[in-house]
Ligand SMILES: Nc1ncnc2c1ncn2[C@@H]1O[C@H](COP(=O)(O)OP(=O)(O)OP(=O)(O)O)[C@@H](O)[C@H]1O
């Protein structure tokens, strides 16, 4: 005779409310809720439950793992052209979102200049893989990262054609992101095939468009917006980067390209304006040193942008 109450108690001791136990003849069926556990924790829980289920008379233990359907949100950060600070914004936004309470991961899909390993202070670290599924690299800022720069030699991915690049980029998105609920995707600059394939295949929840004041002729931003609209991906809004110049000596802000253009431009494009990031030497040197300013407790630039994103995510 199996003492089912004793078995249930033993399983409850190690799995709490996560386990539902049923006895069918001499077979024990256990449904284990693994919601929010990373693969290591899931394996460990399964093993301890299996041990706890070993009791006189039990011929077989069957464990079925379940998890609540993942509601991971993919946020694409895009720009119509290179060099506008898309990578800098992606890194800092990811950190600011994490500080705002989201569980954030960062994918650097920029085949032309994968710069996230340097920005996030983990240059030279390679991800491991289990059964061909990549394991993101932890960073000092609590935001795990996968980057094309960790997979190929600098410059090599550049030669890839659309489908090949998109295939490789897929490995980054489909990695083992565990408990991550918000994945920030730093897309390659521009609006070509690689970007379109990525957007169509992974259907980001929303897109953030980055532009600089001097680009506000808007032709490039317009193209980026079209790309997402074609794929049915909502635009979360426009971020103006390198807006105004803050003098490192006197702290005074000047606007070589004029002021207020981006907000007007966003209105003209029919998309929300999310905010501006000033052009500062401190931002560039901190970025080069792998110390993103959003990680600084005194950050007042990226936190408001993240707050707007969090508010947008809450409306879904
Ligand atoms: N607000 C800013 N103030 C000062 N420097 C900045 C700012 N934003 C970005 N930069 C600097 O500008 C350069 C380009 O930025 P970044 O690499 O983020 O651009 P990108 O759009 O991702 O470029 P690419 O298309 O090459 O990937 C970097 O040296 C970065 O440190």
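Sequential numbering from 1, following the chain as shown.
Glycine too: its Cβ is placed from the backbone N, Cα and C atoms.
Note: TrEMBL annotation is automatic and uncurated.
Annotated ATP binding site per TrEMBL: 80, 81, 82, 83, 84, 85, 86, 87, in sequence order. Secondary structure from DSSP puts residue 87 (ATP binding site) in a helix.
Apart from 80, 81, 82, 83, 84, 85, 86, 87, the residues listed for ATP, the same chain places the Cβ atoms of 79, 189, 210, 212 within 8 Å of the centroid of those Cβ atoms. It is 81, among the binding-site residues 81, 86, whose Cβ has the fewest other Cβ atoms within 10 Å in the structure shown.
Sequence-distant contacts of residue 83 (ATP binding site), defined by Cβ-Cβ distance under 8 angstroms and a gap of at least six in the same chain, are 189.
The most densely surrounded of the binding-site residues 80, 82, judged by C-beta neighbours within 10 angstroms, is 80. Take the CB of residue 87 (ATP binding site) and look out to 10 A: across all protein chains shown you find 26 other CB atoms.
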